[in-house]
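Contents: one structure, followed by commentary.
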């Protein structure tokens, strides 16, 4: 009997599932910088995007639950004076983010509480700045077990290990050329790098000399590297001399050659970005410039091909969600966020189809919990520890509710940084003082105190125009006018501001209080934003007013969120039905296969 044997694997049927367009993130302005990075970074709550901000550098942070089309102008995280090249979320604090830029600076950011991109908000400034590199910082990556320890790679041919809380670099690893990719192992005791000299180096992060060095891919394009989590192995992707795309598996104790040699995959031209799932022992390879994502299962020092997610939409940036953020109830083992045409970010769920609706413990081993095992001082003193792990069944019992990781302290590195931030915040204060006078006078003229405006009909709204100076005797006239159409007059909308920021939207119009005042709306009139008469306001129309001048209120946003939740619920129900049908078809196919084999025998 001759037959074909299929390797048994519980991940053999993993498939990638996209979502509908209305559940994607639209109106994205992805950075067009030529530096080779992933451009995106994600944690269970936020998605960071290297933004095309024109002059200077900026990044955008999008809450994952705010899907749909973003406003034309969004709130940005500004502080870099050149393009942002790479970002990484703190694994122990879901609101803290690090970024490296073309200006040789490293910025630490904190996402404000109740942050949103759907409503106007002041640009966010860094809470700390790490200075030490002399050229652009192309890579930043947090330590997997020690809180507030950050690795950064620069074009000055150094890799620095920072204590973000103190703002000092404990170690500086010197290289002959620039590092192009780096990755920690699971406990952070080893760091592997690839570089322009086509060498692969394994480092002890506390020493300034590599533990071992070997020859990597021979091609001219940038190689990538990823450590295989808790395993004593790492993988690289790159190109051969003939520009064939390759993958290689390495033993960090012997870099003379890769295990099994360099494996050729195809002749594609895009760089392969590797992502490792330590729970399933599956590696995902996303090609930059093409729309496909391949995945292989690691077993006995061999990568076994599983399947491929195919798409006609090429990706230039991509990020994978940490394990504690996946949807356990839907048997989702990984989730990717890929850019589409540099204007849309599309979530892709990788699902293991199962018939049972109970928790699938065999595909969800414990995963990193988001709690540090060491402090930065303990790590610097030489201590090591395994990562703190989370029982994934708790996510199933909580119906996918993930708690924010806030174990790490928020860094406030260096007195220079604090002074720098204070100057940015305090300078607008003297300018804002004359603006407060019209507010006080407007409060004195509220209709509740001096009702001078009466509507002619219950449905019509009228407003009272404050008096103006028209001659030297300060002669005043009061007029009652009907509220003009919104097509002619822009609407100014007031939103709550963070208490720490003294800057207000009213600073855009700086005139004497006697020359310009705002109109008041009577109690009987429907709620609307105050009208402004200044020509400057007409020229700089607020970005939250749409072309047809429709009011966007919190109530409307709540309705939209409810509709999105309804769409998601319906999508999940249809997905479950589809998976059930697939499982039935697989059973029928298996039975038919067995019947055919019996007949052949």
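The first residue you see is number 1, and the count goes up from there.
Note that Cβ sites are derived from N, Cα and C of the backbone, with glycine treated the same way.
According to Swiss-Prot, the feature coiled coil maps to 556-600, an assignment based on sequence analysis. Residues or ranges marked as phosphoserine by Swiss-Prot: 500, 501, 553. Residues annotated as region 'Disordered' in Swiss-Prot: 361-386, 407-540. The annotation repeat 'WD 1' is assigned in Swiss-Prot to 79-119. Positions annotated as repeat 'WD 3' by Swiss-Prot: 174-213.
Panel annotation: around the region 'Disordered' (361-386), residues 10-11, 91-92, 94, 143-149, 163-166, 170, 186-189, 206, 278-280, 322-324, 328, 331, 333, 352, 392-393, 403, 405, 407-408 of the same chain, lying at least six beyond its termini, place a Cβ under 8 Å from a Cβ of the stretch. Under DSSP, residues within the region 'Disordered' (361-386) fall into helix, strand and coil as 8 helix, 3 strand, 15 coil. Within the model, the repeat 'WD 1' (79-119) carries an average pLDDT of 95.
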